[in-house]
Amino acid sequence: MGAAAKLAFAVFLISCSSGAILGRSETQECIFYNANWERDRTNRTGVESCYGDKDKRRHCFATWKNISSSIDIVKQGCWLDDINCYDRTDCIEKKDSPEVYFCCCEGNMCNERFSYFPEMEVTQPTSNPVTPKPPYYNILLYSLVPLMLVAGIVICAFWVYRHHKMAYPPVLVPTQDPGPPPPSPLLGLKPLQLLEVKARGGFGCVWKAQLLNEYVAVKIFPIQDKQSWQNEYEVYSLPGMKHENILQFIGAEKRGTSVDVDLWLITAFHEKGSLSDFLKANVVSWNELCHIAETMARGLAYLHEDIPGLKDGHKPAISHRDIKSKNVLLKNNLTACIADFGLALKFEAGKSAGDTHGQVGTRRYMAPEVLEGAINFQRDAFLRIDMYAMGLVLWELASRCTAADGPVDEYMLPFVEEIGQHPSLEDMQEVVVHKKKRPVLRDYWQKLAGMAMLCETIEECWDHDAEARLSAGCVGERITQMQRLTNIITTEDIVTVVTVVTNVDFPPKESSL
């Protein structure tokens, strides 16, 4: 009995000590290899130093393909803190016949060698004779089981506490059964790892994620928003949707079991976030305003354009239906790109445009005809609805511009002064439709030639008469013209107009880019 108890206690101490040392990592360097080094502009081979938070563990990883018994290495390098890599000194893939092999390990250069040993189920033969157990066996068993159970609970609790944010271990994308839509070949079966939540909304949330050596955005929809996810995927998959001013699409995925399914949309990641978030924290110069506004207009103009005869097919005209500053993202150089096509309509010849239910989008940005429920269900009518919302976004930009000879307003969404933060549909109908009010264009904005031109353009975008509104192409040309004709030198305290041009002939309203 004494010997059994000592043995059980020793096993318990070993189990607890293994949990106590979690979090240590001795991985400082890993073998580096990138098969796509020319495209990614990296070294092809070398040694990579691993960096990370002190309380995080670091690992090495390797991915490879086995084609006709030939090993083709895809990537090797450092890997982030990952439960699946803990205490693995050898880089071994154990999954049964994966398309792309992936392994991770701990220890310097441990990914120099990698191997594939699939786990196999071992069945015990039933014909073996049962040997009598020694009398102390049951005593030892009864002593060990409770202690091991306690040790297991302690270890599991520690793991859950320390890694509760790592809800998604690294996975190979696309999955074997993504369901409709089909898996995206652009992902190339690369390891994808979620890092942090960047935004939450009615659709779900947006994660910053790592796809090998680059950051991407992963928009995760709950299953009840499947229609929005499906619509975004279909719009992004149309011919000709690769454009500098439209958010870059990478892939769409269906994750989880039939009981608990999440829908993923993977796009390029932009650290500056949305135009709305940027304007909350920053003011903009005249040149910055013009650059953001022009690139936003070019993105919307391209979206609205019907382009036949492209190499990959016919790009139809597309109405966004939810243009707002939250759905305009900014690249590092402040180039704008249009995002979020969950409500978009595509106008393909001979096909239905889809759900043309009138009152969709964000109330604050709804055009008068949408608020009235008096939409003409034709293509041009939907494009003009986008232009009304674009006028409001341009107003947001103007309200944060330092070029005007007056104070810069605190950032506000459109109609906050008139209605407040949470307008009802009835509030919007009263102010926009019946009273025909719009956000205030400050008098001192009009004193500057360029800002005066911008204010005129804004008013023509949000005109109550939908047919009188400017096209996105015309807005882009006007802003280019404004910037060219108005040369402004700004300092911290002075705005000097060097060239003022009046009586300018603007491009026609239906001009396209």
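Heads up, the Cβ atoms here are built off N, Cα and C, so glycines get one too.
According to Swiss-Prot, the feature signal peptide maps to 1-19, an assignment based on sequence analysis. The annotation topological domain 'Extracellular' is assigned in Swiss-Prot to 20-135 on the grounds of sequence analysis. Look at Swiss-Prot and you will find Asn43, Asn66 tagged as N-linked glycosylation site, backed by sequence analysis. The feature transmembrane segment is assigned by Swiss-Prot to 136-161, with sequence analysis given as support. Per Swiss-Prot, the feature topological domain 'Cytoplasmic' maps to 162-513; the stated evidence is sequence analysis. Marked as domain 'Protein kinase' by Swiss-Prot on the basis of sequence analysis: 192-485. Feature annotation from Swiss-Prot assigns ATP binding site to Lys198, Ala199, Arg200, Gly201, Gly202, Phe203, Gly204, Cys205, Val206, Lys219. What Swiss-Prot records for Asp322 is active site, proton acceptor.
Cβ neighbours within 10 Å of Asp322 (active site, proton acceptor), excluding its own Cβ and spanning all shown chains: 21. A Cα-Cα distance of 20 Å separates Lys198 (ATP binding site) from Asp322 (active site, proton acceptor). Most Cβ neighbours within 10 Å among the binding-site residues Lys198, Arg200: this distinction goes to Lys198. For the ATP site, the Cβ centre of Lys198, Ala199, Arg200, Gly201, Gly202, Phe203, Gly204, Cys205, Val206, Lys219 serves as reference, and the other residues of the chain with Cβ at most 8 Å from it are Val197, Ile220. The two recorded residues, Arg200 (ATP binding site) and Asp322 (active site, proton acceptor), show a Cα separation of 17 Å. Here the Cβ of Asn66 (N-linked glycosylation site) has 15 other Cβ atoms within 10 Å, regardless of which shown protein chain they belong to. The domain 'Protein kinase' (192-485) scores a mean pLDDT of 91 in the predicted structure.
Across the fold, the C-alpha of Gly202 (ATP binding site) and the C-alpha of Asn43 (N-linked glycosylation site) stand 42 Å from each other. Residues Lys198, Ala199, Arg200, Gly201, Gly202, Phe203, Gly204, Cys205, Val206, Lys219 are the ones the record ties to ATP, and the longest Cα gap between any two of them is 14 Å.
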